[in-house]
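The annotation domain 'tr-type G' is assigned in Swiss-Prot to 7-189. The feature GTP binding site is assigned by Swiss-Prot to 19, 20, 21, 22, 23, 24, 136, 137, 138, 139.
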């Protein structure tokens, strides 16, 4: 396709931290370009999932193509690709950005720059995108436009002199944003090959059409009837339909170079069209794939078990359906003595895990128990093999283990200067090692290397509480480091409960064992016999607490009486309790499994 026909196309996305008004700005742009009539407008048009609306976050990438007549009289075609804003979905963000030539950096004029938008902005600059700063929420009394501009320049390092000040809520200055998109973001450039190359930005499952993929055509064109090949898997598919979203789905006769739209090619599940992969023509393939594709690796694992064992087949079916839409979700069957049959699931992070569990419970009416989330450790065995371990109860016997390695992440925290001390204390508590502190304008950037296991559970919540909600966090995986790790097992009346095993640093083992026993003592109801709760490392018991038995007062009917008579009755009761203990089973309530999560609180 010639550069003339691409001259009036503008592909852009919006980079913003959660809650800075990205979806509202998108709504206004759609309204101004006439994508939807006023009566069809609803808040957050592009957040199609009810959980996205409720939590006010964007999870999946969406796109919309809008015609816009600029003030110079020309009609431009704006392709807006929506990106998720949360750190769990950073790979999806990088793929959305790779499909664009420019990005709007939306910053809340009242709050200033936050870490997540910094990370995504760096990704955009690395990929050579033109970044246009937009200051949102200027209608708020606390908005400080000059401070926000200074922060963008100091923290991100891009010129904010021409930043567009808008209020997405009231619609103020939205036309200036559209003019900035048209005049400051460059049109798509022709590539070095004329063979078809299309980047898959996202894929989702449609009950009637099968898998629908959102693609950006880099070169060549896609028409219904052409045979395409997915470059990472080598599979070929026949294209049924192509089109764009306006935000409604609209069919076209072809998608040309520079355009963003959807294709439907009878692919059965989303693993057949992985995000970030390249599509090309099967008969005349491109010489190489587009750069940047990687398999999504789950970083956090947890067991999901149905409360009612009869729901197991329904849980499997629900997970299968969710996986059609969520390429990052992994699961395999797992059985646990304490919990019965369920699944071991892998997620990108804690938010991803919460969303999956919420969707299973809400959309499929399942009642679920989840075990404490763990990260993936690497275990070097004595025979030299390295195995990934996502479940503490699957740790090989200690005489076969040479060393255990934990994942380390690099965390960048942005905070106002007042909270630096609190945040450093928190990071040190979490076994972090400091990399550097930079003072950037009115913000401070603190960099730490932290064990991922410490970050996964509650680091985000604690960071928000020590900084009164002002600090923001972005992190990425670095490497695996060896350390003195042990598995703490929980025994109840001498039986090991596999779902309560945790892997901890040796220096924390005693404290965690003690806390776990105390917590379990509160949560396990009293039985007719004593319940011994023990925490053990290997064969060594490190802590114990006992839930005392409920007992009947057998001496009530002896008034004065002889002491030997009383002793006889007490001995008889003791015998009965002993027998009961041998045959009795302790039911462990759901709260006890979640106790592992709350121990640090």
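The backbone N, Cα and C atoms fix where each Cβ goes, and this holds for glycine too.
Note that the structure is a prediction, hence the values are computed from the model and not measured.
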Residue with minimal Cβ packing [other Cβ atoms within 10 Å] among the binding-site residues 23, 136: 23
Residue among the binding-site residues 21, 138 whose Cβ has the most other Cβ atoms within 10 Å: 21
Three-class DSSP secondary structure - residue 136 (GTP binding site): strand
Taken over the domain 'tr-type G' (7-189), the model's mean pLDDT: 76
